[in-house]
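Record features (TrEMBL):
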type	residues	note
DOMAIN	14-70	domain 'RING-type'
DOMAIN	109-151	domain 'B box-type'
DOMAIN	259-317	domain 'COS'
Amino acid sequence: EARNMESLEKQLICPICLEMFTKPVVILPCQHNLCRKCANDVFQASNPLWQSRGSSAVPSGGRFRCPSCRHEVVLDRHGVYGLQRNLLVENIIDIYKQESARPLHAKAEQHLMCEEHEDERINIYCLRCEAPTCSLCKVFGAHKDCEVAPLPAVYQRQKSELSDGIAMLVAGNDRIQAIITQMEEICHTIEENGRRQKQHLGLRFDSLYSILEERKKELLQSIAREQEAKVQLVRGLIRQYGDHLEASSKLVESAIQAMEEPQMAVYLQHSKELLKKITDMSKVSMSSRPEPGYENMDHFSINVDYVAEMLRTIEFQTGA
């Protein structure tokens, strides 16, 4: 039964003041419990600018972290007074106190005896040596010249100091967590800004690619137009020379056949016309030829060195 009571007692200890919960007990959203005073101390430490409940100003909400699980507790304008009371824990504490005939930790205190005086309980605290001791040690023993104080008074003072220290550490942890959260948000913003600038840079270069492709297309079309014009001119001359060659070849065949005619009268009937055709054919001028260098296309050469150098100097704007 004693072990069961001790186990129950451990479940009823506030993680801030390390004492049994005092009424009213508040239950946090994470289902952990705190004394309302301890919850208010932690809240005030985490929100130093928060207006007190008795202030005439309208208070605003605040937040702090549960000392047991670090869960963030967000409060409304009522502060810790807006938290729900844990009536079940309060009833359990009442039952425990009714069943227990001793105060908290009394059993441990009953067995804490002085090592020098075995029959004497440790009931005072040496302020100079900073150690618990008994009355005989103060009167006759090692602490007879020391200043002492009642053990409960020192116990309560140090418990209060420890509680304040816990609240201060909790508040400091909350501030550190806020800084970490802020820096995580900065990292996220940096990544988002970097992604957006990469996208903008890609669009700018895509625009340059489009301009280059369009200009390339225009210049290729210029080359193609002149190429087609020159080829058509030369091919026209080729056809003209080919037609002349074909007609001349046929005339040569006709002349050869005329030379083989054995009858003079027949020959003379056709020779005059044939001679006229040969004379006319020989008079046809075939001097139309492309000028020297007509086939040259070197004037379509371009120099892009200065453009390439300019592209290499593309840099981010500063002070924009």
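For all residues, glycine too, the Cβ spot is worked out from N, Cα and C.
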Counting by DSSP, what is the helix, strand and coil composition of the domain 'B box-type' (109-151)?
-> 8 helix, 11 strand, 24 coil
The domain 'RING-type' (14-70) [mean pLDDT, rounded to integer] | 73
Count up the helix, strand and coil residues in the domain 'COS' (259-317) according to DSSP, in that order.
-> 32 helix, 0 strand, 27 coil
